[in-house]
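**Student:** After the structure tokens below, expect a handful of questions from me.
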Amino acid sequence: MEAVKLGNKFHPHSSYTNSSSFSNTHFGLIKFRKTHIGFEPKIQKKWTSLSLSGGERLKEEIFLEKKQRDFSVKCTAEGIERGLLVGGRSDEESEFVVAERFKVVALMACVMCLCNADRVVMSVAIVPLAAKYGWSSSFLGIVQSSFLWGYIFSSVIGGALVDKYGGKKVIAWGAALWSLATLLTPWAANHSTISLLAIRAFFGLAEGVALPSMNTLLSRWFPSHERATAVGISMGGFHLGNVVGLVLTPLFMSSVGISGPFILFSSLGLLWLTTWINRVTNDPQESNSITKAELRLIQAGKSDSPPLKKGELPPLQLLLSKMPTWAIIFANVTNNWGYFVLLSWMPVYFKTVFNVNLKQAAWFSAVPWGTMAFSGYVAGAASDFLIKAGYSLTFVRKVMQSIGFIGPGMSLLCLNYAKTPEVAAVMITIALSFSSFSQAGFLLNMQDIAPQYAGFLHGISNSAGTLAAIISTIGTGFFVQWLGSFQAFLTLTACLYFVTAIFWNIYATGERVF
């Protein structure tokens with residue numbers, strides 16, 4: 001009697017038929033079925049037609065089972081590496097499996113969209129509020145900049161908290177608080193000007209943690225050769241927030257009233273929060289949903305940086321002693337200067353220069369931001385492609401940042417000569433499309449030179465950039481009131497882009513410094 005292993009048991013058989021050879025048994029041995037990793041071979045344990053001896057049959061079964069396992073692992077790993085939706089079937093029900101890191105970046109893109117939509121609501125609502133309360137152009141700049149008063153203080157603190165506690169908790173608290181502030185803004189505006197300025201400053205305080213949290217969380221969830229694309233997707237959501245805010249705000253104000261868009265976006269923020277808390281972890285190693293193959297892929301493609309120890313302060317003096325740090329700071333200053341001028345003043349610009357109504361101004365202002373969302377993804381994908389092709393990080397960061405500054409500078413100079421709102425919208429669209437390349441420049445460079453202190457470094461540079469944004473937002477109002485034109489300030493901004501591009505190419509590096 002020979003014992004043959006079937007499943008986990010050994011069954012005796014006294015004889016076997018000799019009517020078929022092994023070469024005729026392959027289709028009886030292996031069938032293909034759908035699983036969560038695609039097609040996988042299914043071993044049929046029907047041995048009565050085999051002409052093999054028991055020992056040979058046992059070896060053949062072990063061989064086939066090993067091939068089955070190798071096939072399954074290979075399919076899973078290949079599907080994850082390619083970043084594809086992997087189709088499959090489980091318990092006779094169809095399902096699709098998405099790599100966990102893409103779920104994380106999708107949720108991050110959503111919250112970045114809400115972050116900017118909440119911010120942009122005021123840029124549209126300020127037009128009827130100014131008419132209602134008789135605010136001057138210079139005072140409009142003060143109201144617009146009040147968001148930045150809180151933002152400048154939370155950047156450094158928020159960055160340090162992200163380094164210590166990770167991005168999940170910090171951005172969750174930030175989203176909860178800025179949604180609350182958004183909800184209270186109409187009440188504050190009706191109550192008093194001081195209340196409005198205070199609630200907008202609190203709003204900025206809460207939103208200051210968003211970008212450091214995004215940068216750190218994505219650096220942990222994505223390998224280095226995918227990080228620029230992940231940031232491009234998240235920042236694409238950020239820029240689409242401008243479109244959503246600029247388009248939906250006038251529609252809701254005309255149908256519901258000024259409070260309508262504020263209630264809408266604050267509610268969406270709280271809805272996002274419930275999903276985020278339950279689905280995302282600070283690190284892929286803490287996730288219960290991630291596959292081992294995806295975890296290996298992430299860990300193989302990035303360098304882990306330990307968090308700061310309890311009670312340890314980031315080395316501010318050391319960070320500021322190196323020129324690559326200053327290259328990032330100056331790049332952030334210039335980027336925020338130009339970005340907030342366009343973000344805060346575009347509806348007013350189209351209303352003042354071309355005398356278009358509020359809804360038309362919102363549409364003219366929204367189109368460039370939508371294009372920027374797409375170009376940011378293109379910049380990230382191009383950056384990752386160059387890195388995979390073997391170009392150095394230093395070269396890639398310098399190329400991307402040069403495009404991100406020289407392109408907007410040239411476009412703003414041309415904007416001075418625009419005679420119609422359509423031409424102006426094209427020039428602004430080109431400026432913002434080129435500007436999005438900065439996401440694959442200085443924004444990623446913080447993780448390159450100081451992975452352990454990236455959140456804190458982001459906070460430092462963002463605080464300096466926020467100060468520049470305050471100056472540019474208020475300064476635009478005074479320049480327009482003083483000179484009666486936007487041209488002088490646009491020219492000044494273009495020159496700042498060119499000077500910083502030169503500084504960046506001299507001192508920036510993609511090598512680790514700290």
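Cβ atoms here come from the backbone N, Cα and C positions, even for glycine.
Whatever TrEMBL says is automated annotation, not expert-curated.
Quick paste from TrEMBL:
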DOMAIN    104-512  domain 'Major facilitator superfamily (MFS) profile'
TRANSMEM  139-163  transmembrane segment
TRANSMEM  170-188  transmembrane segment
TRANSMEM  194-218  transmembrane segment
TRANSMEM  230-252  transmembrane segment
TRANSMEM  258-277  transmembrane segment
TRANSMEM  326-346  transmembrane segment
TRANSMEM  366-387  transmembrane segment
TRANSMEM  424-444  transmembrane segment
TRANSMEM  456-480  transmembrane segment
TRANSMEM  486-507  transmembrane segment
**Student:** Which sequence positions outside the transmembrane segment (230-252), separated from its termini by at least 6 residues, show Cβ-Cβ distances below 8 Å to it?
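**Tutor:** That would be 101, 105-106, 108-121, 123-125, 214-215, 218, 221-222, 260-261, 264-265, 343, 347, 358-359, 362-363, 365-367, 369-370, 372-374, 376-381, 432, 436, 439-440, 443-444.
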**Student:** Check the transmembrane segment (326-346) against each of 139-163, 424-444, 486-507 and return whichever range has the most CB pairs under 8 Å.
**Tutor:** 486-507
**Student:** Over the domain 'Major facilitator superfamily (MFS) profile' (104-512), work out the mean pLDDT and round it to an integer.
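**Tutor:** Here the predicted model's pLDDT, averaged over the domain 'Major facilitator superfamily (MFS) profile' (104-512), is 84.
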**Student:** Please give the sequence-distant neighbours of the transmembrane segment (194-218): residues at least 6 beyond its ends with Cβ less than 8 Å from one of its Cβ atoms.
**Tutor:** 104-105, 108, 111-112, 115, 118-119, 122, 142-143, 146-155, 157-159, 161-163, 166-168, 170-171, 173-175, 177-178, 181-182, 184-185, 187-188, 227, 230-231, 234, 280, 282, 443-444, 446-447, 454-455, 458-459, 462, 466
**Student:** Which stretch from 258-277, 424-444, 456-480, 486-507 shares the most C-beta pairs under 8 Å with the transmembrane segment (366-387)?
**Tutor:** 424-444
**Student:** What stretch in 258-277, 424-444, 456-480, 486-507 has the biggest tally of Cβ pairs under 8 Å against the transmembrane segment (139-163)?
**Tutor:** 456-480
**Student:** In the same chain, who gets a Cβ under 8 Å from the transmembrane segment (486-507) while lying at least 6 residues past its ends?
**Tutor:** 323-324, 326-327, 330-331, 333-334, 337-338, 341, 345, 349, 352-353, 398, 401-402, 405-406, 408-410, 412-413, 415-416, 441-442, 472, 475-476, 479-480
